[in-house]
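Peer 1: Attaching a single structure in structure tokens format; questions to follow.
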Amino acid sequence: MSGRGKGGKGLGKGGAKRHRKVLRDNIQGITKPAIRRLARRGGVKRISGLIYEETRGVLKVFLENVIRDAVTYCEHAKRKTVTSMDVVYALKRQGRTLYGFGG
């Protein structure tokens, strides 16, 4: 052991950088039937064809904001793993309190 303690936050030997796959156009993974099911749950009977792209755009912006806040909480705590509590606090910060995930 090199005496760095929990997490090993020292400099280390460097190691190989991991290559991350560039993620793009994943918003299309939110399929038309998935959006339709969400609308049905909200009580919508009939859906315009233009709704699907608009919904994807709105969902993308919402998730970007929540994830940015959750990652900020995570970085402040000097962790590399985003926990459910980070997400709960991020949602609370935006005025959308979520119950049932601890805290």
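Quick reminder: no glycine exception, Cβ is built from N, Cα and C everywhere.
Grabbed the feature section from Swiss-Prot, which reads as follows:
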| type | residues | note |
| --- | --- | --- |
| COMPBIAS | 1-14 | compositional bias 'Gly residues' |
| REGION | 1-20 | region 'Disordered' |
| MOD_RES | Ser2 | N-acetylserine |
| MOD_RES | Lys6 | N6-acetyl-N6-methyllysine |
| MOD_RES | Lys13 | N6-acetyl-N6-methyllysine |
| DNA_BIND | 17-21 | DNA-binding region |
| MOD_RES | Lys21 | N6-methyllysine |
Peer 1: Sort the residues of the DNA-binding region (17-21) into helix, strand and coil with DSSP and give the three counts.
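Peer 2: The DNA-binding region (17-21) comes out at 0 helix, 0 strand, 5 coil.
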Peer 1: Validating a neighbour-count step here. Other CB atoms within 10 A of the CB of the residue listed as 'N6-methyllysine': how many?
Peer 2: 5
